[in-house]
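Novice: Can you keep this structure in mind? I'll have questions shortly.
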């Protein structure tokens with residue numbers, strides 16, 4: 001009987017993992033995150049709007065899971081048993097289940113939304129750079145503009161590198177000369 005229950009739990013975990021990897025789950029979750037992540041930042045204090053978005057997320061997760069579990073005939077008890085089993089606690093399963101766990105853990109939800117916001121900003125920057133060939137100065141915060149001190153340091157560095165290269169070439173020439181003299 002225990003082996004049967006273990007197989008049943010494994011089937012439930014595999015079935016749910018397959019659903020969580022599939023488009024019926026990932027597309028609505030991703031669309032929700034992309035649509036709502038822009039208000040999230042990594043500041044310690046949470047805003048009221050976070051709570052409203054979090055509640056919407058919880059409702060979405062609950063609706064998607066309930067619909068799927070009904071469709072495949074998994075009751076809530078079997079789901080909870082599978083969800084708390086050692087199979088569901090593996091590293092791979094945890095990564096897959098993160099979007100579900102986020103519905104139960106606000107800090108995880110916020111972290112996930114902040115990460116998605118950062119990803120979206122980086123994607124936007126890449127697109128701007130691809131289209132224009134270079135980022136506008138307002139996005140570089142002056143990082144591509146050298147100050148006079150940085151320019152002076154670069155000149156010194158170039159000079160040091162030039163001298164070093166000359167010394168290396170002289171040393172290589174001397175070695176060649178010595179090799180020729182020693183037959």
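Cβ coordinates come from backbone N, Cα and C, glycine included.
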Novice: Looking at the ranges 112-146, 147-181, which is given as coiled coil in TrEMBL?
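Specialist: Comparing 112-146, 147-181 with TrEMBL, coiled coil matches 147-181.
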Novice: What average pLDDT is reported by the model for the coiled coil (147-181)?
Specialist: 75
